[in-house]
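Below: one structure, written as structure tokens.
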Amino acid sequence: MNVTITPAALGGAVTPPPSKSQAHRLIIAAALSDGVCRLSNVELSQDIQATLRCMRTLDADASADGTVIRGADLVDGFETPPPEIMDCGESGSTLRFLIPVALALKRGGRFTGHGRLMERPQEPYFRLFAEKGIAWSLENGVLAVEGRLTPGVYALPGDVSSQFITGLLYALPLLEGDSELVLTTALESRGYVDMTLDALAQFGVAAEYDGDRRFRVPGNQAYRHRDLAIEGDWSNAAFWFAAAFLGHRVDVEGLNPRSVQGDRVIGEQLARLTRPGPAELDVSQCPDLVPPLAAMAALRAGETTAIVNAARLRIKESDRLASVTQVLSTLGADVEEHDDHLVIRGRERLTGGVTVSGHNDHRIAMMAAIAATRCQGPVTITGAECVNKSYPRFWADYEALGGQIART
Ligand SMILES: O=C(O)C1=C[C@@H](OP(=O)(O)O)[C@@H](O)[C@H](O)C1
Ligand SMILES: C=C(OP(=O)(O)O)C(=O)O
């Protein structure tokens, strides 16, 4: 689907979707639990459907709408990897969270994915598997892992993706002895690890983090069934905060101001952009905020913004340093791409009158839609359905706020 936007003012109240990151975590914990869990505020974005689908393959029962989940039976000693290949769609979280979970639950499994997913890095796991005697292969886009996950010390980098740490934090409590997770480099995307520890605690699972490079994870633990609600998504809300920054009267509702979601720092980042003078935004802990921050920076008239410590943006759904630069430059912005940072010189308006690709990346399509409101000419976004990865209602919400769009 292509969407053509005629620049127009946005206004009104909007409720962002439920947090994708929290939904993954609660669904997986529920699927590992000792009973039936009722989750409210589940929305079936493509990534959440992927996690539900894979947890069903791992023997959890989940209702079609994902709100009622019965934990898989944890029968140690007799498991075999499910014959069915688990399709993770384009969800890095699903794949990286479930690799250790499948090993703990079924002694392995086979995974596949779409888009760039199977090219995104898994090396920290592969190195651990070599050390721990887990067999793995990656052939024709199918990753197979098999073996017995044993308690012990797991050393891995903290600055490739926090998703490896989350995956292990879910699996290690199920093993028959205590484990330690040791980071060999400083942790980035820390807010996501905090969200994981919070989710585990809600299901009665203990893991102790020293706040630096060491996690102690007792073994022989059980996930206790719980009923929980999923919070509003700060990462996707950031697009509406960007709209407000660009002068639209948009009110964002339904967010928890005390949320453990790391992307709550959008408030602080935005405050830096509202102060006159050059700004430097460190995004090592909040990589998903870069597209909305870049849209704001591009329209911060007369001011320069550097978005730094952003190298990991290159290993997301698209190479986001390249795609942000390509899309905003095509719209008429002044963006300079560097290996690990962007330098953006703000302009009063963008030109538009162009077609840009959504780069098969939900956050890039949403960034283009927000920036388009401050273009002179119309903007066509190709592949606009990619928002379904995290925010299927995005275009409907955009229209409800007065956005002028034509779908072709
Ligand atoms: O754990 C999570 O829910 C996520 C972690 C982050 O990935 P990295 O840890 O790879 O930065 C983030 O970019 C992703 O959208 C969701
Ligand atoms: C990078 C993202 O998700 P994932 O890593 O789960 O694919 C994202 O939602 O921006």
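Cβ coordinates are placed from backbone N, Cα and C, and glycine is handled just like the others.
TrEMBL entries are annotated by machine, without manual review.
The domain 'Enolpyruvate transferase' feature in TrEMBL is assigned to 7-396.
Around Lys316 (3-phosphoshikimate binding site), the same-chain residues at least 6 positions away in sequence with a Cβ under 8 Å from its Cβ are Gly92, Arg120, Pro287, Asp361, Arg363. When secondary structure is read from DSSP and collapsed to three states, Lys316 (3-phosphoshikimate binding site) falls in the coil class. According to TrEMBL, the 3-phosphoshikimate binding site annotation covers Lys20, Ser21, Arg25, Ser161, Ser162, Gln163, Ser189, Asp288, Lys316.
Residues or ranges marked as phosphoenolpyruvate binding site in TrEMBL: Lys20, Gly92, Arg120, Gln163, Arg320, Arg363, Lys389. Just so you know, the Cβ of Arg363 (phosphoenolpyruvate binding site) picks up 32 other Cβ atoms within 10 Å once every protein chain is counted.
Annotated active site, proton acceptor per TrEMBL: Asp288, in sequence order. A 10 Å cutoff on Cβ-Cβ distances gives Asp288 (active site, proton acceptor) a total of 27 other Cβ atoms nearby, all chains included. DSSP classifies Asp288 (active site, proton acceptor) as helix under the three-state reduction.
Taking the C-alpha atom of Lys20 (3-phosphoshikimate binding site) as reference, the shortest distance to any of the recorded positions Asp288, Arg320, Lys389 belongs to Lys389. Annotation for Lys389 (phosphoenolpyruvate binding site): spatial neighbours Ser45, Gln46, Asp47, Gly89, Glu90, Ser91, Glu317, His362, criterion Cβ-Cβ under 8 Å with sequence separation of six or more.
On the 0 to 100 pLDDT scale, the domain 'Enolpyruvate transferase' (7-396) averages 97 in this prediction. Proximity of the recorded positions (Arg25, Ser162, Ser189, Asp288, Arg320) to ligand 2: a Cβ under 6 Å from the molecule is found for Asp288.
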